[in-house]
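Asks: First, the structure itself, so that you have it in front of you.
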């Protein structure tokens, strides 16, 4: 017996078996010999003989816990239930540290039978007997992690294993996976790094690290990790051509990946190999080669009857072929391929979706059915909702399109694209504030989304929030824009400045736009309009000249240049303007704007009948053109036809109610002597536009005429709030203050009037009157002398100065002035 045990421990098993057999022959009831021979048979994988001997040992010695343990180990795979019984008897006989392996193996069997709580109890029993058994910690941790979703407790178990053996790679990997599950990615990466440090050539560990780094958004580190993996020479990795090809493809080494798969397919032509090859060829933009690969895969899958099986794998090949045809813009072929994929696998949402896209590009209304079917099969299909939104948006059904965007956002709440498209749909639906909210969310998700900033600026412009619109346009111009978008931004911002009345900045934006598009006549025309508004008429003419060089038949450019010539104020300019207006009418005889401008041109030249004719023609062309009625009214008024002017201004007011038209009617009523009617019109003009200064001024003049000086003072003050440089209002308020005995205020207003019009004889004359009333004759004489130096042939002024000189005691000088006044008056009377 001792001889056999010696050879058993030295693993000389045949000799040991012979010795134990000899012992059994001499003593058939020797349980120990049966136990050892059974163990020797088990080591030689003679399991049937081993089980017979171990059963005999148990029969001969029912308290032999080792026999139960070893028989349980052999039965673990073939009869788990019997194995559990043997392990249970073994631990019943001996539950000390000596027999912890029975607990361990029973725990493994329970794990295989998914009896997790029983398995954990057994592994904990092992640890109670021996705290250094790492395998038990790992098994408890894996059960908690993978099956009971107790990640934090699993981490604690893996940590215990690492404390016992800091070099255990499996413990680090398991703990990394547990950290990953609770989204503690930094610690997961740390544990994988430790595992790689211990086993630097394990490709699977590098793949895991790459995955975790990708999830941490550390794309550069993840890419470096995959590149390192591609350079590995690990035998197990190199022996897997598919995995090697996928890694090379990730590293953008598509040609290397394709070469690798070609070699593998030559020795092992399997359909799956050609499918992977086709996918990599698609990544490499070699769609024609990819189609050939998919066709080879289909050929290998065909049965003897040349029929493809209705499986997802075959359907996917047609689906991928369809994607290749889509890339090649072969929409009909793509449509057929997707239809075939659907025929082979009727519950293929992506195939329905892609066929829907094909049909949408082919302008087939049936595309919506495919999108609906895709969503019926996969309610979380983000792209299908977005495409359906695009379809409804293209049909002008914005509300329905927005509802689809809402569903897409529920699926991907952080999709900048979904928020952007919903914002543009809301813009189209005229709900600008709601559109701004979505576009702002888009910008929060993607700070450099150029189109979101542009669209939001347009929305702010629409709701008249000019400050925010300008801010967005400014941000856009700081980003890297394409030439086309930069041009649009400058034009839009220029138009916004025009709307704000800031023609200087508008002009600068339009000038910059001309650098991006030097042959756009409309931009030069816009520059001309800005210069016109800035009273820089020569520059305006030059800009309109450039516009006409680029577009010699531009009616608007001729009209704009004509208006700029008109503003020069001299007869030559008026005649040049007349030529431009006539050219515009020659190009477009129905151009009302040109006819109205020509009418005002004739009026300025004193050709009132011709002016009247042009306004009348404009009215004949468009009987609802209020500007033509207004122009003809002004001509009639100048011709002394007050009633005709009144009729025309009434016709204009029937078409539209504006403050200028009401004010003009008030002026006509005033000239006709109907002051209450005139006042009513001025008050209505003020209610229509509270910032229309002329209405206040004319109303103030009526109050002044009626000696209602307090009311006149208030209205003149209102004019000056709106237009502080209105010299007539300043002078009239000064006179009003003088009549109200507001001496200091009157002095201030006269001073302001002189600052505004230093060469106006009327201002000095009125201040001289003011000082005369205050008996400040020296100041009065100084002002009237200044007035005479500006307007020397005024009899009334000489007479007034003579009165002042008389008050000062300068009788001789006074007589001279009286004589001069008489002389001037006689000359006037004799003319």
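Using the three backbone atoms N, Cα and C, a Cβ is placed for every residue, glycine included.
As annotated in TrEMBL:
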REPEAT    31-64  repeat 'TPR'
REPEAT    169-202  repeat 'TPR'
REPEAT    271-304  repeat 'TPR'
REPEAT    315-348  repeat 'TPR'
REPEAT    382-415  repeat 'TPR'
REPEAT    416-449  repeat 'TPR'
REPEAT    487-520  repeat 'TPR'
REPEAT    521-554  repeat 'TPR'
REPEAT    659-692  repeat 'TPR'
REPEAT    693-726  repeat 'TPR'
REPEAT    761-794  repeat 'TPR'
Asks: Using DSSP, what's the helix, strand and coil tally for the repeat 'TPR' (761-794)?
Replies: 27 helix, 0 strand, 7 coil
Asks: By Cβ distance under 8 Å, which residues at least 6 away from the ends of the repeat 'TPR' (761-794) in the same chain are close to it?
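Replies: Same-chain contacts beyond the flanks: 727, 731, 734-735, 738, 743, 746, 750, 753-754, 800-801, 803-805, 807-808, 824.
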Asks: How does the repeat 'TPR' (271-304) divide up by DSSP, counting helix, then strand, then coil residues?
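Replies: Residue counts in helix, strand and coil order: 28 helix, 0 strand, 6 coil.
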Asks: Under the DSSP assignment, what numbers of helix, strand and coil residues are found in the repeat 'TPR' (659-692)?
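Replies: So the counts come to 27 helix, 0 strand, 7 coil.
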Asks: Looking only at the repeat 'TPR' (761-794), report the model's average pLDDT.
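Replies: Value for the repeat 'TPR' (761-794), mean pLDDT as a whole number: 88.
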